[in-house]
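Student: The NAD(+) binding site annotation in Swiss-Prot covers 30, 31, 32, 33, 34, 79, 80, 105, 128, 162, 301, and the record cites sequence analysis as its basis. Annotation source Swiss-Prot lists active site, N6-AMP-lysine intermediate at 107, citing sequence analysis. What Swiss-Prot lists as Zn(2+) binding site is 395, 398, 411, 416, and the listing cites sequence analysis. The annotation domain 'BRCT' is assigned in Swiss-Prot to 570-647.
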């Protein structure tokens, strides 16, 4: 079997596997599927360097489904900014305007979980998802022994933390899987994530998962320090790691980091760094967020594990923008439970800087524990068999002449197959138009048969375009066509994300959608640059893209019926620009009051400070009302609030 035939069989096996396990609509008999898997295993045993990461023999998709209901978080689950050394930590602290009183704790390498409690009872559990909406895994959460199902606190509260698998338990799980001839988990993080997303809750239960809280989302707590919040949460019955402390200054933070780094191998669970957070909640509220991160906390990452291997070749990848990226082909090396066979070389200027050659021994790390990269070349170990890595002159895909601008080498052929295919794959991906069933292999198959050649051509596909293609039967074709039709009515921000504009990701796309609606591509440089979290680089990228693609976006609007979320804010009322805190029991849910305040241009905070303008209180208002009176903040009941919003 040749490589091309092997990859075609991988695609077919995945098609059959998804149909059987995810859609419950078999496209082949059990005997045919088993025979195909045996063919793949024979090839892979003989060609270990050619194994596709997409092969069904390399993953456990049949037991990990994506068929969970979606559940919205009451408050967004943010990512964290990463810092990797002392200078970056000090730069972060300077931006955070904080030089003292930091809360620190280990950053466990697991799966984030959001728990919702109401009236003291656990009512739901959800994965992080996209930060705003996660997967409803409540049934599995109830199988995690150390998560309290009832707590003494009766107000509604979201408690967030990390689900981990202990290293010893991870080894036992893999030993059991090996005995069952099942593929092994690469690391405890993947095992924890997979264990949470089981359709069979008994599997989750037997995995012995542990939950460590690290924060809260929606809450009505009245503390002034994050450390007080966490102490309260742990007193409700949650686990506390023994390395949690307050640091008076950055020097103490650095000392704690060094201590924790020494404990890295001794800890029973995987860690990839230390969380550093401003402890003062009022300052946290003042600092706020970028479009992606809270400004008041950072992940001080550990140095990635580093190993030596040999560079045996260089592959050239053509991105959807045409940029040529050299990728080092490595002799396989295990880094922190992950077998690494390739590493980024970024660009040819980086190759020159490293003075790296084919057959060199190199040091490779997983930068940020995610992307493998080469950091050092051991020139003293050269044996005379090394070969220079030449700058390419022709595109490896279409053979057209490349534009060499130094750092950037680019294929300018807009019809280059790799550019088009990668653009289409991105366009239909989960975070973009999310066309179910139109994955990477299917896109490549359709492009190969000239059924799709542009982004727009996706919406012109017909039933007869699929007839005769391997693996497609009537029901499968109709399902895919229905998914394409549904994608015509996707959210505007998904469409903006799908266009692949440089520097504009999902978060920025949502900001554009909310700020400008359907007119997002008709704005000025100043309008873009003035958006919160944007800057000159993003604004320039948007201006250039919209200038070139203005007419094309108009044409897309004729093909699509985009859902547009527009946040209408009244800017001439007495509430505009005012900060509210809501406490006590009101006649309607707090979310309704919050939505009204925000619509009128106000802001709702979770804690009372000198910057609070109004406290809206109801029955059984607690310490927030008392604190507001101490600070002489204006306190109004529901009747006074109703009069205020009429003005």
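Heads up, the Cβ atoms here are built off N, Cα and C, so glycines get one too.
Mind running through what each feature is packed against?
Tutor: The Cβ of residue 128 (NAD(+) binding site) lies under 8 Å from the Cβ of 77, 111, 112, 113, 114, 134, each of which sits 6+ residues away along the same chain.
Sequence-distant contacts of residue 107 (active site, N6-AMP-lysine intermediate), defined as residues of its own chain at least six apart whose C-beta falls under 8 angstroms from its C-beta, comprise 271, 272, 273, 274, 275, 299, 300, 301.
Sequence-distant neighbours of residue 395 (Zn(2+) binding site): residues of the same chain at least 6 apart with a C-beta under 8 Å from its C-beta are 318, 324, 401, 402, 411, 413, 416.
Each residue in the domain 'BRCT' (570-647) has a pLDDT score, and their mean in this model is 85.
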Student: Ten-angstrom check, please: count other Cβ atoms within 10 Å of the Cβ of residue 80 (NAD(+) binding site), all chains counted.
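Tutor: Taking every protein chain into account, the count is 18.
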Student: Beyond the listed site residues 395, 398, 411, 416, identify every same-chain residue whose Cβ lies within 8 Å of the center of their Cβ atoms for the Zn(2+) site.
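Tutor: So the additional residues around the site are 318, 322, 396, 397, 399, 400, 402, 412, 413, 417, 418, 419.
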Student: Using Cβ-Cβ distances, find the residues under 8 Å from residue 398 (Zn(2+) binding site) that belong to the same chain and are at least 6 apart in sequence, listing them in sequence order.
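Tutor: Those within reach of residue 398 (Zn(2+) binding site), by Cβ under 8 Å and sequence separation of 6 or more, are 411, 413, 415, 416, 417, 418.
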Student: Given the binding-site residues 411, 416, which one's Cβ is surrounded by the fewest other Cβ atoms within 10 Å?
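Tutor: Looking at the binding-site residues 411, 416, the Cβ with the fewest others within 10 Å is that of 416.
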Student: Summarise the domain 'BRCT' (570-647) as counts of helix, strand and coil residues per DSSP.
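Tutor: For that range the per-state counts are 27 helix, 17 strand, 34 coil.
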